Every structure is written in C-alpha cells, then in structure tokens.
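Per TrEMBL, these features apply:
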DOMAIN    6-130  domain 'EamA'
DOMAIN    146-284  domain 'EamA'
TRANSMEM  30-51  transmembrane segment
TRANSMEM  58-78  transmembrane segment
TRANSMEM  84-105  transmembrane segment
TRANSMEM  117-135  transmembrane segment
TRANSMEM  141-160  transmembrane segment
TRANSMEM  172-194  transmembrane segment
TRANSMEM  214-234  transmembrane segment
TRANSMEM  241-261  transmembrane segment
TRANSMEM  267-286  transmembrane segment
Amino acid sequence: MPPLHLLLALSVVLIWGTNFVVIKWGLVDFPPFLLSTLRFLLSALPWVFFIRRPAVPWTTLAGFGTLLGAGQFGLLYWAMQSDITPGLASLVVQSQVFFTILMAMALAGERPARPQIVALGLAVAGLALVGWRSVTDAGAAVTLVGLGLVLSAAFCWACANTVVRRAGRVNMVSFTVWSSLYAVAPLSLITVVAEGPTAIGAALSHASLGGWASVLWQAVGNTIYGFGAWNWLLSRHPAATVTPMALLVPVFGMLSSALLLDESLPAWKLSAAGLVIGGLALNIYASRLRAPLPRP
C-alpha cells in the first residue's frame, strides 16, 4: 500500500476510534435517539439529491438503515449516555465481527476454521471479564445494562452486515447515503415515543455549537468520509491488506477517551482489550489463510 493510501486508512480508523468521544460530547446536548436521528438525517440530506440511488430493493435499504440507525447507533448511544464509557464501548461493539461469523454459520452453513473458533473464545473471555467487572465493581465504568445494550448494538450491526452481503456488489457510499434516508422515519418515531416532544424541543432549542458540531462530524466525517474512503481503499487493495487496520479503532477509542475524557485504563480493562483485540487479529489471520491463493 502506498504511503498516501496508508495515511488515508489511518485517518479513517482514527476518525472512527475518536468518534466515541465525539458521541459522548453530543450526548451532553441531545438525548440518544434524537442524536442518532439527526446523525442519519444529515448523512442523507442533501446528499441524496446528488448521489444516484443504488440498484437494490427499497426493503434492503430500509432494513439496513433501521438496523444501523435504530439498532446499532440508537442502542449504542443509549448505553453511552450513562451506562458505559466511550473507550470501553469502542471495544465491546467490535463483537459484531463474531456475531457476523455466527450468523454466517447459522444462515449460510459456513463452517469456521479452527483459528476462528479460538478467536471467538478469546473475544468471549474478554467480554466475560467486562461483564464480571460490571457486576462485582460499582465503579467499573460499565453496568450490566450498558454491556447488554452495546452487545445488542453489535448484534444489530452484524445483522446489517448480513443485509449488505446479500445485496451483492453495490456502491457503498450510495448505499450508505440512501439507507440513512430510510433510517430517519423509524428513528424519528422511536425518538418521539421514547424521549417525548418536550425533551426534543428543549434539546433542539438549547443545543450548543459543540453539540451541533458533534452531529455534523458524525454525519459527514464519520459516515460520508469514513465509509467513502474505506471503500475506496477496498476497491484498490486486497481486503486482507486493508481490514487489519480496523484493529486500531478500539485502540484509538480507548486512548482518546483516556486523554480527552480522563477515562481510566486499569489492568482489567487493558486485559479485556488484549483478549478482544487478540481475537479480532486472529480472526483476520484465519480469514487470510482461508482466502484462495492467486493463480500464477
């Protein structure tokens, strides 16, 4: 990978990792489902007027948008409001990789390689450590509810991955923009029911410039630029070259939360991170072993 392409990949994972801190800043001004609604609204508008709709059924776009908007980010934001720290959330949500593998086994009959089973075991051990601390330590920076919400968010992310996989080869920037539009309606309904018109009105009328900057950054920087640049790299380099860079997302997430939000990094949290990231790395290695060799 040329140095400029490597820098581009690093910029994406840096944005994705530090975005957990930006989410926390946004939650100061907006309740979680309203924040998610605004994010996806600005991820869709005005871009849908300039980007062609992908050639997939509207049900695919709606399903992906709902799973990603209301499922992944709605639940993630809800947990991050008070039940889990940003750094730990950036780690736990990576369990989506293993949910995706399990869903492929159940729905497509795929058989995991032995290293993937070991990788899953490492990740489960790391998550079990987080769960144990959430029960035994009141100051562990995560509650059992928070862990459950982020794991549910990761499961919704895995379901969204399955939807994309079944959609076939599509322009992911176009797919992301248009699915964001379909996410707005269910998110708006959940926002009104769960948070109420009074809280919505108060948040919109009293939000700070920093709160709106958080929304805009998540929509444009994290979604449009992040997904666009990542898929541009995937179109020019083997997935085995690009995807290992994603291992840095929880690293940047935990470090930025420690530096900018004073999140502590005790030994148990670093141990859990080592187990989960080790599992992710082993899974990528196993996937590379299973990939077909190029013909001479």
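The backbone N, Cα and C atoms fix where each Cβ goes, glycine too.
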From the DSSP assignment alone, can you count helix, strand and coil residues within the domain 'EamA' (146-284)?
124 helix, 0 strand, 15 coil
Using a Cβ cut-off under 8 Å, which residues of the same chain at least 6 positions beyond either end of the transmembrane segment (267-286) come close to it?
87-88, 91-92, 94-95, 97-98, 101, 112-113, 115-116, 118-123, 125-127, 129-130, 133, 140-141, 240, 243-244, 246-247, 250-251, 254
For the domain 'EamA' (6-130), jot down how many residues DSSP puts in helix, in strand and in coil.
105 helix, 1 strand, 19 coil
